[in-house]
């Protein structure tokens, strides 16, 4: 249906309709803009949420529980999901909103051009009509004047009193007016013919052509709106597969939660390597009582720990010895910098930390080796082609790299010694536990280095003897380790010390000592200012290294000590 033939007289209404169409397009563009701003804000809020709940620590420090790993996977998927929402906003902004605004400007310019052409055609038709109307009015006026002059002429011609000159003058005026009326008639006829021709051209050619252009413009606007409606939906539909993958990733992360693996990680993270404490011995306080028979008195004495009669173990010593040792972590080291060998950690944790450090040092060493090899290759190239560079300029860097390699090798060796020490102790504990569980007993005087019994006769000559204790140390309780098997495997004595000052030992894990008191050294200062010592009563703890005068034993590491 053509606007030119059906709406030839609706120029003003078409003017209003085309303006409404452009206004509607811009209104839809505004809607799209607000929609994409919602997407942008949504994506921004999602990214902020992910950032808020992402771990602040490094990956090495993060828990390795499947629940944590799955949650972090969900955060990554959500971050990707936010990226897809940003992509939706970008597509809507570029292919819908931007396209609509550019097209709207083009439509405004085109509409203005067509309407100007229509108004010009209308103005020209109005001009032709005015010319025709003026000629018509003039012709009408001249006809009335001619009629008046005719009446005047006829009146004078019939008047007997009128002079001949008056009659001739009236006649002449009548002829003049009649002639002018004929001329205006011809002019009016020409203007009328011209106006009718222009009017036919206007309504049959000009207006239909202009209205056809307006119709085409409006239909193109309608098509563009349909395309942008589709693009509006396609912008989101295109990301649905990726969003589905993000959601599938979240479901996969949920399925990856493994309660048994998490339980194993707890064991791996917190396993100390210590053995559980053994049973407390029965303390028979009635052994000193004299029991009466029929006519005699029988005295009994407690057997020694080696199976021979002897003095009874002092129960107070046993209580003091086992005090605060029901659990390996019952005594904590005073707060301070962690020692380099991680000796403040339980054996299993210490082993893991040392192994981790060794692996890190090995990686750093490999980097230095690769750098050295690269520098040597570059040096060879410079020596063969001096124009490329001076080989001597690489000597400082090569020397620095070699120095770094030596430092790293030394550090690795030191940590490997500590690791071997930890693994050796753990193996020794396992052997002792196995021996104790099988009830293997050795004859007196053949004890293992840390006080447990063994059947290995070859070990006797491997056990170095302790040097004589300091004169100030009483020897009345040498039987203690023979009488009692310590479930906590007490550390061997490696020296003794004399207190220069008194120490109150308020902190947990410290040991109270009086001035001039003599203590046994069981662990040296690892660089943190604390030395681990043992009292004659068996109580252990840490004392400030600067408070004591230390004397170390020779060949005492791992030796059996009798007090």
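Heads up, the Cβ atoms here are built off N, Cα and C, so glycines get one too.
What TrEMBL records for 136-173 (among others) is coiled coil. The average per-residue pLDDT of the prediction over the coiled coil (136-173) is 88, rounded to a whole number.
Look at TrEMBL and you will find 351-385 (among others) tagged as coiled coil.
The feature compositional bias 'Polar residues' is assigned by TrEMBL to 287-302.
Per TrEMBL, compositional bias 'Basic and acidic residues' is recorded for 422-440.
As annotated by TrEMBL, domain 'F-BAR' applies to 1-262.
For the domain 'REM-1' (344-421), DSSP puts the residue distribution at 72 helix, 0 strand, 6 coil. Here TrEMBL flags 344-421 as domain 'REM-1'.
Residues annotated as domain 'SH3' in TrEMBL: 492-553.
Residues or ranges marked as region 'Disordered' by TrEMBL: 277-347 (among others).
For 422-489 (among others), the entry in TrEMBL reads region 'Disordered'.
Helix, strand and coil residue tallies for the domain 'SH3' (492-553), in that order: 3 helix, 29 strand, 30 coil [DSSP].
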